Amino acid sequence: MNIHFYKYQGAGNDFVIIDNREASIALNTSQIAFLCDRRFGIGADGLMLLQNTAEADFEMIYYNADGNESTMCGNGGRCIAAFAYHSNIVGKQTTFKAIDGIHDAVILPNNNVSLHMSDINTIQFENGYTIMNTGSPHYIKEVVDTDLVNVFEEGRNIRNQAIFQPKGINVNFVTPKEKGLKIRTYERGVEDETLACGTGVTAAAIASVKQQTGIFQVAVKAKGGDLSVMFEKRTADTAENIILTGGAKFVFEGNIEIED
Ligand SMILES: N[C@@H](CCC[C@H](N)C(=O)O)C(=O)O
């Protein structure tokens, strides 16, 4: 089967996007893993299908690089909104359906896209770390300097701890800076460090204000780029009106042959 694909990246978190509005493409786990493979395929942290839905402008179906369908991807959501805009499927403001519900996105100047993330109903403040689900589950640990962390080893150990099984968790290491945060993330389903993770950046920004309430804006520096998160906290352990903003760029497009 020959497939036309588009490659996008948001702060270095990269994705294969396929327009499946005609519902003609059904990919299995090994075909998706092949397309995301950086040596044998196109290379990406994840793959998204853009599909039709009666509930919004389009639907985003998200798969991790291991080929399995997963939960919400914040950078993926910003990239698929940019793709839908570049493909004249939607205008500068769009609403799309993802696994965690309906999201609004806005195309901004200079290849920036902002995305309304799902509300957070529970923030778990533990001894030395915070856990919350920003559409995907995240573990956030404050460290003295993210540059000194072995993100692959430490992230993998935490991701595989018995308490987080069977689903696993994404692991974020965060250092507060003068203005904002620095972050590095180990992503489940990629099973490696990625250059940025939108749901992780969102979780880290919200965790950084601890139990405070109010309206906040936090700048977050990931390895692959800068993002910003605006949110409101009406109570100590919830967050709402969450907007994630950052770059979402077209990289290249092409055709690839995949085995049935
Ligand atoms: N890169 C993403 C998160 C993608 C999902 C994650 N790997 C998981 O399975 O939970 C983002 O930008 O949010």
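Glycine residues also receive a Cβ, built from the backbone N, Cα and C atoms like all the rest.
The annotation substrate binding site is assigned in TrEMBL to N13, N64, G74, N75, N170, E187, R188, G198, T199. Within its own chain, N13 (substrate binding site) has D45, G46, C73, N75, G76, T194, L195, A196, C197, G198, G224 as residues 6 or more apart in sequence whose C-beta sits under 8 angstroms from its own.
Sequence annotations record features per position, and here TrEMBL assigns active site to C73. In the three-state DSSP assignment, the secondary structure recorded for C73 (active site) is coil. Taking the Cβ of C73 (active site) as centre and 10 Å as the limit, one finds 29 other Cβ atoms among all the protein chains shown.
According to TrEMBL, the active site, proton donor annotation covers C73.
According to its DSSP assignment, C197 (active site, proton acceptor) is coil. For C197, the entry in TrEMBL reads active site, proton acceptor.
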| remark: Row T199 (substrate binding site), column other C-beta within 10 angstroms, all chains, value 29
| query | Within 10 Å of the Cβ of C197 (active site, proton acceptor), how many other Cβ atoms can be counted across all chains shown? | reply | 34
| query | Where the record says N13, N64, G74, N75, N170, E187, R188, G198, T199 bind substrate, what is the longest distance in Å from one Cα to another among those residues? | reply | 15
| request: Would you pick out, from the binding-site residues G74, N170, R188, the residue whose Cβ has the largest number of other Cβ atoms within 10 Å? | output: G74
